[in-house]
Structures are given as structure tokens and as C-alpha cells.
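Features reported for this protein in TrEMBL:
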ACT_SITE  GLU342  active site, charge relay system
ACT_SITE  ASP346  active site, charge relay system
ACT_SITE  SER582  active site, charge relay system
BINDING   ASP627, ILE628, GLY653, ASP655  Ca(2+) binding site
DOMAIN    269-675  domain 'Peptidase S53'
REGION    243-264  region 'Disordered'
TRANSMEM  707-729  transmembrane segment
Amino acid sequence: MEGCMVCTADTADASTHKDGATVCIPSNLHATLSIISHLSSFQNSMLLHLSSCAAFHGPLVAAVLLALTSPSQGHHPVLNAFVEHPATWTKGHRALHDEQVDVTIGIAAATPRALEDLFWSVSDPTNAAYGRHLSADEADALTSPRPDAVPSITRWLAEHDIADVVFSPATNRLKVRGSVRSLEAVFATEIHAYNGVAGHPVGRGNRRILRASQPLAMPPSMLSDVSYISLNAHPLGRLLAAQGHGKQHGNESKNNKSSTVDSVRDGGGITPAFLREWYGVPRQTSANETNAQGIPEFYEEAWTDKDLSIFFNKYMDGDAIPTLVTHQVPSRDDTEGQASAEASLDLQYITALAPRTTTYVWSQSGSNPFSAADEPFVEWAEDILTMKQPPYVVSLSYADDEEHIFAASEAYARSFDPLLMKLGVRGVSVFVASGDDGVAVFRITKTIRGQRPGLRKTNIDNKAEWCKQHGPQWPTSSPYVTSVGATMLSKLTDSSGFFNTLDEVVCTSSLGSAITSGGGFSTQYARPAYQDAAVQGYLATRNIPPPSFFNVSGRAYPDVTAFGHDYIVVLNGDKALISGTSASTPAFAAMITLVNDLRLNAGKPALGFLNPTLYRLQAAYPLAFHDIITGTNAAGMGPAMPVCDLSFHAESGWDAVSGLGSPNFPVLSQLLLNVEDVLSDTKVLANVPPLSNQQMQEDASGSVKTLVGASVAALVAAVAVAAAALVYVKRHARKAEYCELDVNKGDTPKYPSQDKTAASIFTIDDEDEEVELTEVTLDR
């Protein structure tokens, strides 16, 4: 046909009728298309693709435009249908009309910037609003929808006999339950059953889902109030949970209540007493009664009172069993013999360092709004946000591949961000494990029209594909959480007595750990201002991969680190050695609980979101952290994983494997206690009273004595500086000894491009079976 170009396969998804016929539009209708501003984003996208085709006959164009712009029963198409993928889901029969279906509708905030603006203000210790945290009602008001948004959608649903509708002001979710018949009518769609492919980890027992097989529709007047509808979303198949346990076989110290450096180095395991001694953490003596901490336990993760009692009796030197407040769904089984590694580890170590603080435990087998098979992040956040007084510290040991969850449903991931900010404005510090899989993590296959990909991990024998690009994890990559990495005691020694030391190094399977600490750069979140200077310094070093390997402008993690190798845990009555960032995270979180004790007892607010404070403190007072300068995250979880040629290295200052470092608690705790003063020079000077003439004369008469004292102090300082210099030389000499990988290629750029373009996400098709990895791994 003269002047007509057939639409390509790339545009066929958007420009093909249900019968498969491709459509072309005259180019002279571009102006007409541009003025159809009332159409939904879905329609505009379709029209844009259609208008890119060459000329066709006018009558067909009119028919196409009419089909796209005319309402179907007063509705317009707004969302694609569920897209099946043969590797994960296959379409089955049409759902029975009377079957009940749970649907979640995300409701947009009327003023979306209000929450984030306040979040940064109350989290900045140099801001006048610092620490002025909100109540639940005040926080919910920041994200409230338009006044008529929920009522109008509720009325619309009621017109189709859907009356079971509940709105959560904490999460802006409209939870709807209705029959298939009613939901098909209200959304002008069809609902089918989709069956999970046998052997694919789409969920534990969740082998059948009900989803819309046709596009969803809504009245145009409601489109701006809706952020997502769950009826077309893919379940997120990968589950992160403990895989098993092994009895403790190391050379444990004869004193069960403590571990020596030698016993830990020889595999005896870390105890609470060792953590206290190494980091300078005192025993908790003056717990504030308003202070609290918490942990969520998802899926079938479980713990038992008996294990906790054994752990405290054996390793806590007489401390009483902590006060626990449990939130447990009826289907959970926390009976004797059913304990799992993740839940037991989290509970035993967050209570070990803060045993006198009330600890909340959420045991939830639920899911996110889109699935009964994934981490119930949103459900947990909703529960904690509805509390009149939530715990001031929470530790989260679960994660997913960032690429994976954003491919499956970006709306779900984005819906969690405001909930994290709400926790921050409520005064809650959220700590998240950085992952245990090193730099590569996972690779998944290409997406289909933006929907859930068939989840396949790269063949681990194919090192080139496995290590082709860095894979960040979520939600630890979120700029609204504090990401925690893992370290271990080095097992390498030198024959020289001077260099024969045992420092913290990056936890890696290359040095005998079961895991390799995660860290890197997000492909979804831009780098926040609070870490920009620290990360820019790291990017200026030589030991970084080329820009094609990672997103140089992304949010960088972890923020901090702590021991994460060989924690002694009581599991179903036996001792087990557990490694992972799931170990370091609750331990670090408990230390912040102790700092909150100090602040609350002094009449100050809890710390809330910590990152702006931590980065400022490290820049001004580097001794607040133990700088980790040895190690990489080139390896994976366990010795079977490939060791990548490209990875992130530990360096002086912040780095992408150990963050700012591990806590020097005596220094860090005092700085955090007085953070409003120590980070505001003018405030400190204003509080110094002026000297009177008499005081100045007395000071002058004592100047000789002061000079003598200063000389002695100078001599001591000189010795200290010399010692510090020797330690510096010593550690950097050891660094060369310990770095088991050499990636200092000649073509490695000293400073990558700062163009704010996200790294392309690497995807592959692979038919090999999945390799399930976890956030917790046990040395057997």
C-alpha cells in the first residue's frame, strides 16, 4: 500500500488488535493525536506507537481512534492484562463466577512531596526540625488522598455489589474482596486461573492464582487517584529464607558465655560476650521503659521459647529472658522442633545486646498485595505504622533482587518507599541486611511487556554470564533504610610478629565463610545527598569496576557493617553456627537500641532514620567507626559460586562492601547521644560562657603550669600518632597480603563517568534449574 509502513514486531504489542491485525495511522493525524489529552497513559502510549506508523486510509484511522477513545460501559482501558509466561505460569480455565478474590488498589497521595520533605527535615541533625517525630495520625495526614478519592471509588465498587472494602490510611491501600462476577463487571475484564509450573518456586503451596486475562478498565475521573491494581500483577517467585542448619563443631571456648579471639578465629563461633568486648558495648543496665525494638519473621520462619531460654541460660550470664510482644498469624507453628535459623538468629541476637528492652516479633505468613508467595513487607509496615508507639528500632533480614522485584511490579516496590519514610517520621530506625551473595547476586530473563519475567538464575558454571554485571538487592538498596554488611576475623597470618594480627575484614567465602557480604549500587534509586561526598571519594579510587558494570550514580550500600560470620545460635535445642548479614543486622540494630536508651533517659528523642547522621559523623569523627580496608565481594555464597574478576573492594573511608565501617561503640554512642551539639559548631560555641577578667588573670598566672602539662600531653600525642602511623602501615601491608583477587587492570578508570544514566540491566534466557540462595547460611 503506497506510503504505508507495516508496524514492526517491536511495536506490535501496543498496536495490534485482539485478532492479531496490525494497524497503521496516517502521519497527518499526528496533530490530532497530540490533543487527546484526556486519555489515560495507557491509551496515550498506544496512540504514540500507532502514530509512529506510516499512512493508511482515513476510515480505518477513525475506527481505530473510536475504539481507543470510546468508553466501554463508561470505562477506558487503564492497565494491561496479566501476561503468562510458560516458565512460571500457564493459563487455565476461566474463574468460577462465585469465587471470592482479594484485590488491592493503591490510592495516590494528594501531595506526594509532603512526606519526603518532612522526612529529610526530621532526619537531619543540623535541621531545626530534627527529632520532631509525628504521631500515626499526623504521619497519615501527609499521605492522605484527595478528599473524594476513596469515597468515589468505594461508591463505584458498590454499584457492582462489592461492599467489602477497607481503606488503610497507613499504607494508602484499598483492600477489596469480591466475587469474580462482580470484579469482572467493575473492571470490564475477564478473570482466569493461572497455574504455577511444577518445580518452579512461585510460592510455598501457592500453585494457583486468579488474575485478569483482559485489560482492566476504570472511569477516567478516577485514574489520577489510582497508583496500581493488583489483579494483573505477577507473584514474586523467589523466597529468601534459611535452608537448614548444622550442629556446632568448632573449638568453642571453655567458658560458654564468651568467645576469645583465638576461639572465634579457629571456628568456635561468636557469642554475645565477644560482640560486647570487640565493639566496646556495655551491658544494658538502664533501659528506658518507653524504648522498644522489633523484628519481622516472614513465611514459615519460626522460633521457640525453649531455644531462647537455653541461649540465655548458656550465653547471657544470668540475664533474664527478655519481654516479648508477639504478633502472630493463626497458621504459624512456633512449637518445639519447628524453629528455623532466620527467626532464631534474629531474636536471640537482637535481645542478646539489649535484653532489657521490650522486643516485638512479627510472625507473618502473609504476602505483599500482589502475591501469596513473597515477603509481606507492606503488611508488616502497615501493622507497625498503626501502633500508637512503634518500636524505635527494627531489623529486617529479608531481601529480593532489585531487578527482579522492579520487573515483577515496580508499583509494589515504590509503594514501600513512603512506608519507610513514614517509619522515619515516626522516629523508627530501619536496618536491612545487605545480602549474602557478593557482587553478582542473580540474573533473570527478559521481561514481557514490563511484567513478571520467568525467573531463572544464571548457570553458575558460566562465570562470564554470572559476573557480567553487578546485581543489587532490595529493599537494602533503598535510600530510606540503613543497610548493614558483614565482616569476619581474618584467618590469615604472617610469619612476622609485627604483622601477625587479627583484624576485621569483609566477610567472604574466599576466606572460609559460608557467605559473601553484599554491597554495591542501585539501578533504581539515585544516590541521596547524605552519602554523595563519601561515595564520590570511593569512586575516585583505583579499585573500582568500569562504569558498564554498575550504576555509578545510584544509591550505594551498605551504610555500615558488623561481624556476620559464625554466630552461635541455639536451634531446636542444638548449637548451630550461622553466617550472614542476617546476623550483623540485628546485632547492629540492638546497639542503636542502647543509644536510644541514653537519649530517652536524657529527655531527647529517639534517633529515627540514621543515615544523614552517620555519614556526617564519620566525616567529622572518623574514630566513630572501625575502618574496614581489607576484602572484596567478588565471591558468592559458598565455595561453589564463581569468583568474579570485577567486584567492589574495601578502601579507607566509605566503600561498597563495608560502608562506613563497623561501630566503635564507646565513641559512636557518645556522639549519637549528643549529636545535635557535636554537629553544630555554632550551638556548641553559644553554650560556652564568656570568661571574666579575674578568670583571665587566673588563667594567665597558671599558664606555665598549663604549658608544662601541654608539653607532656604533646609528647603522649606524638607517641600516639607514631603508633597510629605504625598501625596504618601495618594494616595496609596486611591488606596486600589478604586481597586474594587482583582486579587492578590497566584499563580500570580512576574515576568513572558521572553521567546520571542507569546501568543497563543484564538479562538472559537460561533453562537451567534455579539455585536457591538465602539471607542466612549455616556452616555445617
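A Cβ is built for glycine as well, from the same backbone N, Cα and C atoms used for every other residue.
Remember, TrEMBL labels are computer predictions, not curated facts.
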Looking only at the domain 'Peptidase S53' (269-675), mean pLDDT returns 84
Is it possible to get the count of other C-beta atoms within 10 angstroms of the C-beta of ASP655 (Ca(2+) binding site)?
32
Within the same chain, the residues at least 6 apart in sequence whose Cβ is under 8 angstroms from that of ASP627 (Ca(2+) binding site) are SER652, GLY653, GLY661
Just checking, which of GLU342, ASP346 (active-site residues) has the fewest C-beta atoms within 10 Å of its C-beta?
GLU342
Spatial neighbours of GLU342 (active site, charge relay system), counting only the recorded positions SER582, ILE628, ASP655 and Cα distances within 10 Å
SER582
Using a 10 Å radius around its CB, how many other CB atoms surround ILE628 (Ca(2+) binding site)?
25
Recorded positions ASP346, ILE628, ASP655: which have a Cα within 10 Å of SER582 (active site, charge relay system)?
ASP346
Can you list, in sequence order, the residues of the same chain other than ASP627, ILE628, GLY653, ASP655 whose CB lies within 8 Å of the CB centroid of the Ca(2+) site?
PHE625, ILE629, ALA650, GLU651, SER652, TRP654, SER658, GLY659, LEU660, GLY661
Count the other Cβ atoms sitting within 10 Å of the Cβ of SER582 (active site, charge relay system), across every protein chain shown.
32
When you measure from the Cβ of GLY653 (Ca(2+) binding site), how many other Cβ atoms are you left with inside 10 Å?
19
Distance check, please: Cα of ASP346 (active site, charge relay system) against Cα of ILE628 (Ca(2+) binding site), rounded to an integer number of angstrom.
24
When DSSP states are folded down to helix, strand and coil, where does ASP655 (Ca(2+) binding site) land?
strand
Which state, by DSSP, holds SER582 (active site, charge relay system): helix, strand or coil?
helix
In the three-state scheme derived from DSSP, which category covers ILE628 (Ca(2+) binding site)?
coil
